[in-house]
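*Asks:* Okay, these came from TrEMBL:
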- 23-345: domain 'Acyltransferase 3' (DOMAIN)
- 27-47: transmembrane segment (TRANSMEM)
- 72-92: transmembrane segment (TRANSMEM)
- 104-123: transmembrane segment (TRANSMEM)
- 156-176: transmembrane segment (TRANSMEM)
- 188-204: transmembrane segment (TRANSMEM)
- 216-235: transmembrane segment (TRANSMEM)
- 242-259: transmembrane segment (TRANSMEM)
- 271-293: transmembrane segment (TRANSMEM)
- 305-321: transmembrane segment (TRANSMEM)
- 333-352: transmembrane segment (TRANSMEM)
Amino acid sequence: MTDTLTKPDVQATPQVGGKGYMHGLDLLRVIASVGVVLTHLTAWFTLRDQDFWLAHWVERDVVGTLHLNPRLSFMGVALFLVVSGVVVTHVADRERPLQFLRRRVIRIMPLLWVVTPLVWLLINLGFQVSSAKENDLTFGDMVSGMFLVNYFQEPFVALVAVTWTLTIQVVFYAYVAVTIPLLRRRPWIPPLAAVPLCFITLLITDGFSTNTSHQIGQFGAYLPVLCIGQLISLVHSGKVNPIAGTAIGATHFVLFTWADKVGGYTSQGDSVPRTLFVAVLLTIVLVSASGPVTRSAFIRGWSKRTYAIYLVHLSCMYPLFDTLMDVLDPNLVALMGLALTALVTEVLHRFVEMPANNAVRRWEKRKTNS
């Protein structure tokens, strides 16, 4: 979830009609990160059949009121995917295809290459770092996880469980890179063409039962979510008529709903389409928000760190919870898990994300000047 989870620099951040920085995207990333962490925090207690006041509050006052998935499952991910579609589409407007792909890869890989071996080590030490406990993993499993091919191997290995969304984003990046010329001349064509491509992908993969076919089917199921974000960006910038954008977006929403109901590619609950609808509405409402909270340094700083939060929160919280929850107060342990997540996030952001991004920018500048 890179361009959703790692915040682009100011030069690569969407603007509304050239009027300036879209602070609303920062707030949306923060909300998405809170949603993902809250889902997995409360899931730990649910999976172990333990009571916790926060889990009760989420189910009673949020999930029950809005009729969403248990533990707010998919809300954070849906927001991240929609926002990614917004950001990536804007960035593609002023980058060459190869430059676009290079910058997207740099946003994903350095942090993934650091986090994956650490998670691999935790798993082999016997810790559980996701909802399902993994068996001992080989060195080959670690390498496959570092390049996101673990989702295609038999047997399936999760490793950093949340990275399934990165595989979908990589496919979207490739699609955007290929269609950059069309996005600049006929911007409505790429999101419209994605509809039959996703539909055909779902039809073809439905008849197979391998991990590879299922993963390819997931591309067809979830790419419509990113395309909805793409359409929000194109309509916002005035490149696509609002009526046309709404019609194409509605088609993608129907396709996603169909995949959810009959395709077997979503497992977050019975309210996945409703959750996506809420995420889309939030994005439309907040994308141009520019109040004091949205513009604050705190929100911007948090937004820059959301990719790191996304990758490490499970491996920070779950081993700590398993070790200390039976001997200390649950509230204290939950706070300790959040604090550890924040600490590890800060270290990774300062010493992995920022140096990698700065190195690429310096290299591009030298190449331009030479």
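Backbone N, Cα and C define each Cβ position, glycine as well.
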*Asks:* Mind looking up the mean pLDDT for the domain 'Acyltransferase 3' (23-345) in the predicted model?
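*Replies:* Averaged over the domain 'Acyltransferase 3' (23-345), per-residue pLDDT gives 93.
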*Asks:* Report, as numbers and ranges, which residues of the same chain sit near the transmembrane segment (27-47): CB under 8 Å and 6 or more residues beyond its ends.
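*Replies:* Residues 4-5, 7, 54-55, 58, 70-73, 75-77, 79-80, 83, 131, 162, 282-283, 286-287, 289, 293-294, 299, 302-303, 306, 309-310, 313-314, 317-318, 321, 330, 334, 337-338, 341.
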*Asks:* Please give the sequence-distant neighbours of the transmembrane segment (305-321): residues at least 6 beyond its ends with Cβ less than 8 Å from one of its Cβ atoms.
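*Replies:* Distant Cβ neighbours of the transmembrane segment (305-321) are 1-2, 4-7, 29-30, 32-33, 36-37, 40-41, 44, 80, 107, 111-112, 115, 118-119, 122, 127-130, 160-163, 333-334, 336-338, 340-341, 344-346, 348-349, 353.
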